[in-house]
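Shown next, in structure tokens, is the structure this report addresses.
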Amino acid sequence: MSDLQANKDAAAVNRQSSSSSADLNGPSPMRKMISVASIAAGIQFGWALQLSLLTPYVQLLGVPHKWSSFIWLCGPVSGLLVQPSVGYFSDRCKSRFGRRRPFIAMGALLVAVAVVLIGYAADFGHSMGDKVDEPVKMRAVVIFALGFWILDVANNTLQGPCRAFLGDLAAGDAKKTRTANAFFSFFMAVGNVLGYAAGSYTNLYKIFPFTMTKACDIYCANLKSCFFLSITLLLVVTIIALWYVEDKQWSPKADSDNEKTPFFGEIFGAFKVMKRPMWMLLIVTALNWIAWFPFLLYDTDWMGREVYGGDSKGDDKMKKLYNQGIHVGGLGLMLNSIVLGFMSLGIEGISRKMGGAKRLWGAVNIILAVCLAMTVLVTKKAEEHRRIAGPMALPTDGIRAGALTLFALLGIPLAITFSIPFALASIISSSSGAGQGLSLGVLNMTIVIPQMVVSFGVGPIDALFGGGNLPGFVVGAIAAAISSVVAFSVLP
């Protein structure tokens with residue numbers, strides 16, 4: 001009886017895949033895969049702005065540091081629900097425009113809506129009654145949170161179908177799948193560099209002088225200007241890719257089972273019939289993101305608060321110190337992205353020389369653990385310097401160089417995190433006959449659930465130990481070390 005049920009579950013998982021890679025006449029040319037992968041540059045431009053500017057911005061709107069992580073919780077929640085849903089429905093989409101292209105187009109339009117809400121949150125809040133001098137601008141915070149939620153929904157609506165589209169175009173070719181995902185990671189790096197460069201340029205608002213208003217200061221105006229550039233890039237690369245790359249209309253095979261399986265039945269069916277290699281991949285991915293998310297959430301805040309000794313809630317001098325640290329953190333993230341880009345292009349060759357993906361992934365997780373642990377040393381050196389030179393003293397060149405070096409080195413494991421898990425999931429799903437969209441949606445669940453855990457836990461943990469960022473980073477270092485051991489020992 002259990003074997004019969006397992007077979008039914010397997011049929012449910014595989015039913016939507018009747019045209020995943022088999023209906024393409026072999027792999028598509030690499031230039032088409034690169035065109036689709038380039039959408040990642042537009043996605044990541046906006047994501048880079050989220051990571052580098054929005055945590056400080058929401059604190060300027062009046063949200064305390066320990067609660068800002070709860071606003072970020074909307075990202076993991078939307079990822080948990082949206083990406084598997086989009087994967088499921090895109091696997092089954094019968095639109096004449098193809099399976100993936102309608103979802104990619106819808107995601108790009110949602111990004112445009114979100115950018116307007118986020119960029120103009122302070123202005124909308126002021127027009128609804130927020131006072132410029134009040135510490136907590138509640139209406140602006142609500143509008144910001146709504147825009148932030150929509151932006152995360154849009155990013156998940158875009159990213160899942162893009163990666164699934166690459167899997168479709170690779171048509172089961174393992175090497176092309178790895179290469180396509182490496183290019184996706186490379187274009188993420190390109191988007192990061194552009195986003196962090198824009199975020200670190202303090203006079204960008206002068207290009208769009210209308211962005212500065214009574215309710216929106218220079219920092220806010222720069223944020224608006226950055227998002228205008230972001231949505232322009234995203235729309236350009238998306239339009240080019242959707243026009244250039246054909247996405248064949250899907251229709252079920254004549255001999256396929258036409259019974260419709262509910263979405264949640266399909267998800268649970270996927271977990272029931274999942275083979276050991278996929279389970280091991282999910283475990284390592286989950287540990288990896290427990291390690292990453294505290295740093296991705298608070299990296300620039302760490303530069304402004306711990307390294308530079310500033311405070312977003314302090315007097316003008318402390319705010320100035322904090323903003324200086326934020327902008328240097330933006331430079332660090334740009335260096336991180338440059339390393340990420342070069343590493344992405346070399347993943348295939350390095351993986352072969354090291355003897356496979358599990359050795360490479362395990363090795364770079366050691367780098368991740370060491371770098372996260374070293375943030376403690378950099379912070380202590382900065383605090384010691386301020387005790388000697390005075391609380392308003394800028395960090396020494398050595399301290400600043402040490403912090404920027406950590407940012408740069410973290411680009412190495414980040415390239416692997418953005419590439420190898422998705423390539424392995426695509427390869428495993430192709431070999432098992434599962435739909436690309438659903439398989440990548442299941443993988444995404446092991447990314448966003450750890451993010452939810454971190455979002456709930458890191459703020460209170462940081463507050464318990466004095467309100468800084470180091471406790472979350474130390475938890476990340478421990479998780480990275482564990483993920484390295486697991487990658488070496490259990491990945492196939």
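Placed from the backbone N, Cα and C atoms, the Cβ positions cover glycine too.
As written in Swiss-Prot, here are the features:
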- Ser17: phosphoserine (MOD_RES)
- 1-33: topological domain 'Cytoplasmic' (TOPO_DOM)
- 55-68: topological domain 'Extracellular' (TOPO_DOM)
- 90-101: topological domain 'Cytoplasmic' (TOPO_DOM)
- 123-139: topological domain 'Extracellular' (TOPO_DOM)
- 161-181: topological domain 'Cytoplasmic' (TOPO_DOM)
- 203-224: topological domain 'Extracellular' (TOPO_DOM)
- 246-277: topological domain 'Cytoplasmic' (TOPO_DOM)
- 299-324: topological domain 'Extracellular' (TOPO_DOM)
- 346-359: topological domain 'Cytoplasmic' (TOPO_DOM)
- 381-403: topological domain 'Extracellular' (TOPO_DOM)
- 425-446: topological domain 'Cytoplasmic' (TOPO_DOM)
- 34-54: transmembrane segment (TRANSMEM)
- 69-89: transmembrane segment (TRANSMEM)
- 102-122: transmembrane segment (TRANSMEM)
- 140-160: transmembrane segment (TRANSMEM)
- 182-202: transmembrane segment (TRANSMEM)
- 225-245: transmembrane segment (TRANSMEM)
- 278-298: transmembrane segment (TRANSMEM)
- 325-345: transmembrane segment (TRANSMEM)
- 360-380: transmembrane segment (TRANSMEM)
- 404-424: transmembrane segment (TRANSMEM)
- 447-467: transmembrane segment (TRANSMEM)
- 470-490: transmembrane segment (TRANSMEM)
Short question: which residues 6 or more past the ends of the topological domain 'Extracellular' (123-139) have a Cβ under 8 Å from it?
61-63, 117, 213-216
In the same chain, which residue numbers or ranges, 6 or more beyond the ends of the topological domain 'Extracellular' (299-324), come under 8 angstroms Cβ to Cβ?
51-53, 55-56, 59-60, 64-65, 219, 330, 332-333, 375, 378-379, 382-383, 386, 391-395, 399-400, 403, 407, 468-470, 473
Would the transmembrane segment (182-202) and the transmembrane segment (404-424) count as touching if the test is at least 3 Cβ pairs under 8 Å, pairs 6 or more apart?
yes
According to DSSP, how is the topological domain 'Cytoplasmic' (346-359) divided among helix, strand and coil residues?
12 helix, 0 strand, 2 coil
Counting by DSSP secondary structure, give me helix, strand and coil numbers for the topological domain 'Extracellular' (203-224).
13 helix, 0 strand, 9 coil
Compare 102-122, 140-160, 325-345, 360-380 by their Cβ pairs under 8 Å to the transmembrane segment (470-490) and return the stretch that comes out on top.
360-380
Chain residues outside the topological domain 'Extracellular' (381-403) and at least six past its termini with a C-beta under 8 angstroms from it:
303, 306-309, 317, 321, 324, 328, 332, 374
Annotated stretches the transmembrane segment (404-424) and the transmembrane segment (325-345) touching (3 or more Cβ pairs under 8 Å):
yes
Quick one: DSSP breakdown of the topological domain 'Cytoplasmic' (161-181) into helix, strand and coil?
18 helix, 0 strand, 3 coil
Interface-richest range of 102-122, 140-160, 360-380 toward the transmembrane segment (278-298), CB pairs under 8 Å:
360-380
Should anything in the same chain at least six residues away from the transmembrane segment (140-160) have a Cβ under 8 Å from its Cβ atoms, list it; otherwise answer none.
39-40, 43, 46-47, 50, 54, 57-58, 61-63, 71, 74-75, 78-79, 82-83, 86-87, 90, 103-104, 106-108, 110-111, 113-118, 120-122, 124-126, 130, 215, 437, 440-441, 444
For the topological domain 'Extracellular' (203-224), sequence-distant contacts whose Cβ falls under 8 Å of one of its Cβ atoms, 6 or more beyond its ends:
49, 53-54, 56-57, 60, 118-120, 122-123, 125-127, 130, 132, 140, 323
